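Database features (TrEMBL):
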type	residues	note
DOMAIN	76-197	domain 'MI'
DOMAIN	240-361	domain 'MI'
DOMAIN	374-495	domain 'MI'
DOMAIN	537-656	domain 'MI'
Amino acid sequence: MSAQQEDESLPPLPRSPSAILSDVQLRIVTGGKPAANGIALRHNPTSNDVSNQINGTLGGATEVENTIHSSPSCDDYRKNMATIISEYFSTGDVLLATSELVDLGVEEQHHYFVKKLVSMSMDRRDKEKEMASVLLSSLYNDTLTPSHIKLGFMNLLESVEDLSVDIPNAVDLLAIFIARAVVDDILPPVFLARARGSLSGNSKGMEALQVAEKSYLSVPHHAEVVAGKWGGSTHTGVEEVKKKISDLLSELTEGGDVAEACRCVRELGLPFYHHEVVKRALTIAVEKPQTEALVLNFLEKSVQDCLISTSQIAKGFSRISENLDDLTLDVPSAKTTFEHLLQKAITAGWIESLNPNSISSDESSKEEKITLKRYKEECVKIIKEYFLSDDVPELIRSLEELRAPLFNPIFLKRLITIAMDRKDREKEMASALLSSLSMELFSSEDVVKGFVMLLRSVEDTALDILDAPKQLALFLARAVVDEVLVPLNLDEISKKLRPNSVGSETAHMARVLLSARHAGERILRCWGGGTGWQVEDAKDKVAKLLEEYAAGGELREACRCIRDIARPFFNHEVVKKALVMAMEKKIDSLMLDLLEECFDQGLITINQMSKGFSRVREALEDLSLDVPNAAEKYGEYLEYALKHNWVLPAIVDAAT
């Protein structure tokens with residue numbers, strides 16, 4: 001998991017290294033004690049992650065360095081620091097290095113330790129580079145604060161020009177160290193953007209940031225790639241890791257100590273490989289049904305403690321599903337047991353309940369997997385075509401042709417994720433499309449599930465899109481403003497997120513945006529107006545054409561205007577307004593004639609007609625205040641519509 005994103009609503013920070021220090025406090029999801037056996041441990045969040053944050057009044061790198069030089073113990077500190085680092089490279093003893101650094105007792109200079117550790121390792125073998133990354137991860141949030149780490153890397157960026165004189169590939173090496181720090185959760189991804197504002201455009205420091213972002217943090221499977229960049233000299237090999245996982249799970253099933261099993265998983269220090277833990281734990285539960293409750297307790301504890309991410313849980317389940325046929329040869333009840341475990345995971349909220357029956361070994365299951373894979377591929381094509389053409393009806397037709405409404409939340413997630421990495425024009429188009437889809441194809445449940453999926457994965461998204469939390473908060477707030485969601489849906493969404501997670505705070509950010517003065521107007525303009533169609537504009541056009549029709553009775557002209565609006569997915573608004581106007585102005589026959597003509601010409605579909613009638617039914621209580629016989633009139637209109645087959649019979653069942 002990534003470090004929590006910082007509040008992007010803060011005013012721009014000064015162009016100096018001190019800007020990095022004045023960032024708001026970050027919380028991370030890893031945690032614990034000093035490292036054991038030379039392997040970096042993850043640290044759990046506490047309410048006092050940064051006990052002594054650097055004073056925000058510091059003027060920058062120069063003032064910091066002057067402060068260091070003015071300290072009488074500075075020379076001794078630096079000599080001792082170099083000695084500690086050299087000894088660590090010789091012994092690999094993380095505990096000893098931690099103890100000696102603490103004994104120095106000059107905490108305000110620890111950012112220099114970060115700089116010295118990285119710069120000394122650059123001129124050595126890959127083994128020492130890996131050891132440096134491991135030590136930083138071990139010291140983080142225990143001996144080194146987030147501010148120490150950030151200022152240390154900022155100093156490295158400013159001095160990389162000098163380092164390049166002796167180390168020709170210093171820029172690339174520093175880029176790898178920065179990427180590794182992000183992957184290890186000791187630097188927030190937003191550091192790159194903040195640091196960029198403090199460096200000149202043509203400096204080697206800027207070049208290092210660009211290399212880190214484009215060559216390492218943006219590549220597929222970047223966590224594994226970056227973590228193995230130094231050859232894994234101090235990391236255990238894959239087979240050894242698998243053995244450790246098997247051992248800890250064996251101890252779990254024998255002793256039943258869930259807390260100890262979680263501690264062992266944390267000590268592995270390999271969050272991107274936790275899917276192997278999940279896979280092996282599930283395999284044990286399938287092979288030994290008596291351990292099912294214990295395995296589920298272990299997985300639940302791991303998720304609650306933010307030890308194993310939901311994406312790793314899902315990946316573990318997916319890997320088991322791919323091997324169910326082989327597993328069934330040894331355990332005939334494997335499918336049944338696994339489906340039971342899957343349902344438990346869905347109920348607990350560890351993975352999305354998109355298709356609880358899709359994982360089995362029969363032919364329909366295989367077809368379902370193929371369908372999901374093809375659906376995702378088709379989604380990307382459809383979304384990219386939409387961004388080029390701005391043709392909403394064509395996109396809706398394409399989605400209908402896929403015949404996979406079960407995967408609507410996946411489409412929503414893909415749409416917004418792709419839009420977040422594009423210009424404001426595409427973001428506006430995505431919001432407009434979401435409004436259209438909610439009227440025509442997507443249920444409110446689909447939209448809620450899609451946003452839950454986005455919020456649960458926002459930390460991973462932020463590795464590639466630095467301001468993903470801010471953008472996602474805007475998309476969520478915009479969905480409420482566009483009436484795609486209602487405010488109560490935000491509570492429903494928040495209940496499905498882990499407390500204090502980045503996703504939970506992003507949802508809170510959306511609430512804050514919605515509570516501001518003139519929130520609706522501001523949020524509607526959040527993407528700069530874009531090119532997407534606006535709901536209010538379409539409503540105004542519908543109202544005007546109906547007013548003109550009521551005044552002149554030109555049936556053909558009214559139909560032409562409806563056709564010119566070119567929003568067939570929004571024609572339920574025509575139906576609603578026509579029925580309301582018929583009640584208020586007592587022009588029943590005129591409006592029913594219009595609806596009949598629109599239906600006969602195929603301008604308004606039976607679905608749109610039914611939706612329009614449903615919206616009027618839902619508003620009857622308010623309508624009755626102005627039109628006392630509104631309910632009676634609605635009953636007459638509905639009877640007429642049913643007689644002429646304009647609406648679906650289900651609308652009568654819904655009314656009763």
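Keep in mind that glycine also has a Cβ here, set from the backbone N, Cα and C atoms.
Unlike curated records, TrEMBL annotations are generated automatically.
Of the ranges 76-197, 240-361, 374-495, the one with the most Cβ pairs under 8 Å to the domain 'MI' (537-656) is 374-495. In terms of DSSP secondary structure, the domain 'MI' (374-495) contains 103 helix, 0 strand, 19 coil. This prediction places the mean pLDDT of the domain 'MI' (240-361) at 80. Broken down by DSSP into helix, strand and coil, the domain 'MI' (240-361) contains 95 helix, 0 strand, 27 coil.
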